[in-house]
Amino acid sequence: MDDKNTLLAVLQYLEKHNLKGTVDLLRKEANLGEGTPSSQCPPSDSDVSSMLAAYKSEGDPEKYEEAYTDLKKFVEGALDIYKYELGMILYPVLVHMYLELLFNNHEDQAKRLMDKFGTDQEDYFQDDLKKLSHVCKKDHLNGNELTDTFTKNEFIIRMSRDTLSILKRHLAEKKHSVVQNIIQEHLYLDMYEGVARNKQQIDATSGAMIGEASRADNKARVYYGLLKEPDVSNAALEEEDEEEDGGDKPKKKKSKKDHLYPKKSKSDPNAPPVDRMPLPELKEAEIREKVKAMRDSMKRVNLGPETLPSVCFYTLLNANQSVTCAEISEDSSLLAVGFNDSFIKVWTLVPTKLKSMKSADQLKDIDREAEDVLVRMMDDRSSEPCRTLLGHSGPVYRVAFSPDRQLLLSCSEDSSIRLWSLLTWSCVVCYKGHTYPVWDVRFSQHGYYFATGGHDKTARLWATDQHQPLRIFAGHYSDVDCVQFHPNSNYIATGSSDRTVRLWDCVSGSQVRLMTGHKGQVLCLCFSVEGRFLASAGADSRVLLWDLAHGHLLAELCGHTASVLSLAFSREGSVLVSGSTDCTLKIWDFTKLAEAIALEDVNISHNPDIKKDSNTFLLRTYATKNSPILSLHFTRRNLLLAVGLYDSQS
């Protein structure tokens, strides 16, 4: 019956505006026939004429304050079991009442409403409310990013069936049309079956700019498993044999080699198909690098409560106002630092100095078939411990090394991304696609692909040999502050100033996970070694851990007192480290955390239990004297490298 009333209301609206052709088509498709008068439509909540006007005036502007006061009293007087879920509608209703009053030129009443009830809202909404309070005239609404976000998108609230029926009953009794219209037009009440959530459960997932994730947001399947690693054991054995033949040492037994390079285990059932995402083939140099990494991993220290990592801290002096970012290469041999004045500096962290390639005339005489051709190409006379790269015309916000260490990416306020050759120490490509500053850039673990995020609210997937992006990921409501590739390179995670974390499928370009719970902008992301979990942190000083299988928040690690800028998992995945601007570095027991989660049946309903006992999982806190921590990196043998800049002002 409700559907028929809605159709009749639409017909009535179309007839009123003399849209006869559309009326006839709608009658035909809905099988209403000519004899069904649209005037039969009773005046009801389904009248679309109110829905089509975004902010229809309710006449008396004083009714808004009265209606909101009444709604607030109803929420506060509700039973405790329903009170907290009902309370979630207070913030979006206040925002839309304020905007509606402004739209209808009731500026004084709008200001009074905001002054009276704005401070009652949750702390994490106060920044948005402060920005809204600067919008104080109808003319200010046009083109304002925040008001556009609220007017063009529904605020999502998840509610149990019982809570929703109580709310509907209240609205029907009170007949506050202003509240009814706002809930009907601008809120999406995502109903679920089950017990209403308590305050702790609601607080854990609330805080995003326009509400929580709906159940439909996290239903797509995610292939979070790892791809089967290429078999490099033959190359490793050949290399060992060469070493043994050349030296006087007795040959190792075959069984020992078999132990070092065991046969590959079966592929991960949660891994994506091998051909799902086209990945580059390994070059000889990369195979040799993998062999080296495999050997290093044999000497790796397995970390845990009894064996905490040693930490080597690099402090950047006299650079408090000028350094913007720092990054260490995968093999821990290079450090790149970006500066406010558009410089990039690259230092070597090993005894080998940085050489540049010989001139074209000298390269002609080199034997290209020689095994050490790359070594011969480099000019020994050009050795330096540090190199400077110039090209950007604004602050450099992020630098990223390619897995083979031959390339470096950088992004800047000048809205460009530059690809630098670390053989010639020059810029080889300038990628342009973002229209505003680019905050983050990351290489895929398999090379070739890279991802960026910026002020234009988008993240983009690129390939090094294409000057245009392959995918544009649009969906965030504010800046994309950080991006990170999944270890299998099939997905990209993004963190934003809209206080959400999202996961995007590189193949389809679609959003497959939406995770809410942060109370401030998200500044860093890190995937666990096996690919199942994602850690995120940011301006709210907390580290959150997410389960990618279902998109649920699993744990909330507190302890930092300022923004967390960097996260890193140890090489075998047993330890998670977070670095903050509070000049501390915290080490968390991820093995214990994963076991605690595994012991319980993962609750895939609306209210999973979230681990909040941070002290249980905190292994150690290391403090620097006055150096906020910019970057963290584990070497292949699990030595922790940290980079910070000495703050002489504080």
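Heads up, residue numbers simply count up from 1 along the chain you see.
Backbone N, Cα and C atoms are what each Cβ position is placed from, and that goes for glycine too.
What TrEMBL says about a protein is an automatic prediction, not a curated fact.
Listed in TrEMBL:
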COMPBIAS  237-246  compositional bias 'Acidic residues'
COMPBIAS  258-267  compositional bias 'Basic and acidic residues'
DOMAIN    58-187  domain 'TFIID subunit TAF5 NTD2'
REGION    234-282  region 'Disordered'
REPEAT    316-349  repeat 'WD'
REPEAT    389-422  repeat 'WD'
REPEAT    431-472  repeat 'WD'
REPEAT    473-514  repeat 'WD'
REPEAT    515-556  repeat 'WD'
REPEAT    557-589  repeat 'WD'
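Of the ranges 316-349, 389-422, 515-556, 557-589, the one with the most Cβ pairs under 8 Å to the repeat 'WD' (431-472) is 389-422. Beyond the ends of the repeat 'WD' (473-514), by six or more residues, the same chain brings 124, 145, 149, 153, 207-210, 213, 217-218, 220-227, 271-272, 276-277, 279, 439-446, 449, 451-455, 457-461, 520-527, 529, 531, 534, 536, 538, 544, 546, 548, 551 to within a C-beta distance below 8 angstroms of the stretch. For the repeat 'WD' (389-422), the list of distant contacts is 283, 285-286, 289, 324-331, 333-334, 336-346, 354, 428-432, 434-443, 445-447, 450, 452, 454, 462, 464: same-chain residues at least six beyond its ends, Cβ to Cβ under 8 Å. Panel annotation: around the repeat 'WD' (515-556), residues 123-124, 204-208, 211-213, 217-218, 222, 224-226, 270, 478-479, 481-488, 493-497, 499-503, 562-569, 571-573, 576, 578, 580, 582, 588, 590, 593-594, 597, 602-604, 608, 610-612, 614, 617 of the same chain, lying at least six beyond its termini, place a Cβ under 8 Å from a Cβ of the stretch.
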